[in-house]
Amino acid sequence: MDNRPIGFLDSGVGGLTVVREFMRQLPHERVIFVGDQARAPYGPRPAEQIRKYTWEMVRFLLTKDVKMIVLACNTATSVVWEEIKAELDIPVLGVILPGASAAIKASRLGKIGVLGTQMTINSDIYRQKIQSLSPDTEVTSLACPRFVPLVESNELDSSLAKKIIYETLQPLKGTIDTLVLGCTHYPLLRPIIQNAMGPEVKLIDSGAETARDISVLLNYFEINAARDAAEKHHQFYTTASPEAFQKMAESWLGQRIEVEHVKL
Ligand code: DGL
């Protein structure tokens, strides 16, 4: 048993898609979340900057005595997961491997599409992971740089969001049977993405898949929190305005939360 919290990080509110699924699956675990909204989006930034910012969030989470860290950000995972995993002596999870293996399982025709930020797509990491597990699978990757700003400005269902998503996904239509939402912000746009692709395309939420893997790791290391652990107290931090973050987070998580500003 280990009643310490689990740390989650992302460039912004996208990581909450992982946290929501995690809280649903493991309601007795405690969450510490940090989102670097002041410097989001990470997708268009150079790798060295993403590396530096991600390490700053990791160091902050370590001051909270976390028992595990989840990089709830594909962009950060693609740049710095291996390095962080090698340096820390607590388990560190990324979101890419769980999404890649779920996509292989879901695909009937072996035609998988991957959506992600410019950095995630440039890194080619999804194609490499998918094809290392399943060499015959065709992978078509598409960077969607206009999606994260939509989410961060809470444009989840506007006509602008619909227009941008339909236009961006046009080249993928009819070419794939499974689509990986390879950015933790994208599940917030899921209904429009599903409409744009059509009902026959299976969407994979890499965040939800990661939540399942967290549970496996907690069991493996025997570090689950006790079910009767003292009052759970989740903590959320943002590098930007706590009010704006709180509004989006409470509506997405469906519960009241406390948010504090943090300077990294
Ligand atoms: N949510 C992040 C991801 O999964 C990053 C988005 C961004 O800041 O560009 O890639």
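Note: Cβ is positioned from N, Cα and C throughout, glycine not excepted.
Whatever TrEMBL says is automated annotation, not expert-curated.
So that you can see what the record holds, here are the features copied from TrEMBL:
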type: BINDING; residues: Asp10, Ser11, Tyr42, Gly43, Asn74, Thr75, Thr184, His185; note: substrate binding site
type: ACT_SITE; residues: Cys73; note: active site, proton donor/acceptor
type: ACT_SITE; residues: Cys183; note: active site, proton donor/acceptor
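Mapped onto this structure are the features recorded in TrEMBL.
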{"residue": "Asp10", "record": "substrate binding site", "DSSP class": "strand"}
{"residue": "Tyr42", "record": "substrate binding site", "DSSP class": "coil"}
{"residue": "Cys73", "record": "active site, proton donor/acceptor", "DSSP class": "coil"}
{"residue": "Cys183", "record": "active site, proton donor/acceptor", "DSSP class": "coil"}
For this session: Identify, in sequence order, the residues in the chain of Asn74 (substrate binding site) that are 6 or more apart from it along the sequence and have a CB within less than 8 Å of its CB; answer 'none' if there are none.
Result: Gly94, Val95, Ile96, Gly99, Gly116, Thr117, Thr120, Gly182, Cys183, Thr184, Ser206
Seminar exercise, completed: Checking the binding-site residues Asp10, Ser11, Tyr42, Thr75 for other Cβ atoms within 10 Å of each Cβ, the smallest tally belongs to Tyr42
Exercise. Which residues of the same chain, at least 6 positions away in sequence, have a Cβ lying under 8 Å from the Cβ of Gly43 (substrate binding site)?
Worked result: Thr75, Gly116, Thr117, Gln118, Met119, Thr120, Ala143, Pro145, Val148, Cys183
Exercise. How big is the Cα-to-Cα gap, in Å, between Cys73 (active site, proton donor/acceptor) and Tyr42 (substrate binding site)?
Worked result: 9
For this session: Note the Cβ centroid of Asp10, Ser11, Tyr42, Gly43, Asn74, Thr75, Thr184, His185, the recorded substrate site, then list each other residue of that chain whose Cβ lies within 8 Å of it, in sequence.
Result: Gly12, Gly14, Gly15, Ala40, Pro41, Cys73, Ala76, Thr117, Thr120, Val148, Cys183
